[in-house]
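Listed in TrEMBL for this protein:
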- 155-283: domain 'TFIID subunit TAF5 NTD2' (DOMAIN)
- 330-341: compositional bias 'Acidic residues' (COMPBIAS)
- 330-384: region 'Disordered' (REGION)
- 353-364: compositional bias 'Basic and acidic residues' (COMPBIAS)
- 412-453: repeat 'WD' (REPEAT)
- 485-520: repeat 'WD' (REPEAT)
- 527-558: repeat 'WD' (REPEAT)
- 569-610: repeat 'WD' (REPEAT)
- 611-644: repeat 'WD' (REPEAT)
- 653-685: repeat 'WD' (REPEAT)
Amino acid sequence: DRQTLVAVLQFLRRSNLRESEEILRREARLLGDDLGAAALSPAGAGLLGAPGGDADSGGEALLSRVTAAAAIAIGGSVATVASSSPGVAAVAAVPPGKGEPRAGAAVGSHCMFASSFGMSYKLLLYPNAFAVGGGVVVEDQPDVSAVLSAYNQQGDPTLYEEYYSGLKHFIECSLDCHRAELSQLFYPLFVHMYLELVYNQHESEAKSFFERFHGDQECYYQDDLRVLSSLTKKEHMKGNETMLDFRTSKFVLRISRDSYQLLKRHLQEKQNNQIWNIVQEHLYIDIFDGMPRSKQQIDAMVGSLAGEAKREANKAKVFFGLLKEPEFDVPLDDEDEEGENEEGKPKKKKPKKDSVGSKSKKQDPNAPPQNRIPLPELKDSDKLDKVMNMKEAARRVRLGPECLPSICFYTFLNAYQGLTAVDITDDSSMIVGGFADSTVRVWSVTPKKLRSVKTAADLSLIDKESDDVLERIMDEKTASELKILYGHSGPVYGTSFSPDRNYLLSCSEDGTVRLWSLQTFTCLVGYKGHNYPVWDTQFSPYGYYFVSGGHDRVARLWATDHYQPLRIFAGHLADVTCTRFHPNSNYIATGSADRTVRLWDVLNGNCVRIFTGHKGPIHSLAFSPNGRFLATGATDGRVLLWDIGHGLMVGELKGHTDTVYALRFSRDGEILASGSMDNTVRLWDAVKAFEDLETDDFTTATGHINLPENSQDLLLGTYMTKSTPVVHLHFTRRNLLLAAGAYSSQ
């Protein structure tokens, strides 16, 4: 305000502080020449409300008013404050009884605090700060360092819109290179300012703030904003978990140092403490040195409930290599078409140099130590199965852009009980469906029917030494193509066969995971640990261990012979919607409705990777057979590819128009198949997607990923069903692609 400015200029002249006076006058001149002239001409006295008096006396009168007021505000010390614009402030601190003060002035557009004998005072003069009985009432602005425990410290509610639009204007007018980075602030600030207004019961201001700015937020936050708009009273915030998480976990923004300095300077000039407090308290700004990221690079990585992952989160070492396969001889039986009779042991012949066998002899340098986590011993039947697997692998079709797999689609017809989960055994002999009517149904998809073991009385009559004992214990009377398992009391959302095909897992809305025997088709164990619906479960590739994830936002690791979980993986901010074991069984990936994917270490329960970039809840995960890469699919219809070792996004496959519910790599990892609610199966060239990766140190350090504009050149084929959403995909051991889903009549 002009009067204050004039008074301070006079004060500086009398104190012989010419330099400070010059600087202040120059600043004032930027705002208008007349102000500078008025300040130093006798006519300026008129401005001070002292008609006919000389400039000095008018200045003194105002000066004494300001100093008296400021003295009370500061408590015993006297300060003179000038504030001609939000960017100009001159502050002088005078300790009581020390005579002439030394004054500080605004230099450039930085606020400087004068400090005599080491004291510094900052007095903020806002347009609505006014003097009452000799004291300055400054708008309630908490100090930056004060901890904003739960939105209880507040500014003037009527100014929130002004603050936000001021920042918005600043960001929109900044240089293009900074604008994209700083625009990331809009959403977290909008949410926190709105919640702060609601928490402090300024309901009408909160409503008006929401209506004015919610349209500016990115489209992928629409679901969150819908939740937010329903929170209009302080009481609503208490039970809302999403908002509770938003308040307690810091929203992470990754910003270059230049952009951050620009923002900091702006907020300090504007003295916009309300926004600065929120930045300090509720945001974690991960600053990197180097070029700011482009809009495209930022858009690829943002969108999760808590912003991006901190770069630190993806630095831990991950052993993504495969474990060494146990060595045993593969019989050379080319003409042995009766390989299917698993019971009769194949005759031991000279081991054939088999590509699969020889490849697994070498120890992968990125593999975890063989005994890092205890894995179950191989049984004879497992070894037999491995032999079968290798024989099949010898006949495997080499896939590629020129040689696409055939696709066999299993359509569940008349599934009015609502198909909610599907799994297929590794040898593709059985398929299981979980249904909304709480049943689990197992079908045999080979001519071999499903049979149960005989009763105990009948078993006691069998000669245990006979060669075909495994055949004799089966009860032919029970043979059928379909077995129905009853036990759950809610929709079954996840199913998983054990690698040895002896067991089946199912998880349900009833909060339990059940283990079923495929010998007797009865339930062996009900694992109770989740208190809410369990959305997914999966067996380890080595059996024995399994993982489950649910609405309680944690994933749990179990062993079949323990009724309590061995590990609890907590960290997601919303439901854990899907779970997958890494091929070496040392890690587990979980996808969540908080739009992030996390990788957990089975050994110690630590989270070793956080991947952000999806714009909707994640519903499918698939590791590449070599263990190096992870593919993830979500409700946004995008499939994202991740390099696990470097913790980087390395690809984005666009094409699906609805949720991606199924992902699977071919047996040798050449092709990635994705299945979606848009009734299509798409095949992608995985070899091409993962070649020529930019995983140098710079990219890893800053996250400057450059995704190709167009993923269409990776798309090898799109296959439509008539009206069947794809819920599961599986490559057989010979690389035939099996897909499954329930026909929907609408």
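Cβ from N, Cα, C; glycine included.
Note that TrEMBL annotation is computational and uncurated.
Since the structure is predicted, the reported quantities are computational estimates derived from the model, not experimental observations.
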Number of helical, extended and coil residues in the repeat 'WD' (569-610), per DSSP: 0 helix, 24 strand, 18 coil
Cβ contacts under 8 Å made by the repeat 'WD' (611-644) with residues that lie 6+ beyond its boundaries: 220, 223, 300-304, 307-309, 318, 320-322, 366, 574-575, 577-584, 589-593, 595-599, 650-665, 667-669, 672, 674, 676, 678, 684, 686, 689-690, 693, 695
Dominant neighbour of the repeat 'WD' (569-610) in 485-520, 527-558, 653-685, by Cβ pairs under 8 Å: 527-558
The repeat 'WD' (653-685) [mean pLDDT, rounded to integer]: 94
Residues in the repeat 'WD' (485-520) grouped by DSSP into helix, strand and remaining coil: 0 helix, 19 strand, 17 coil
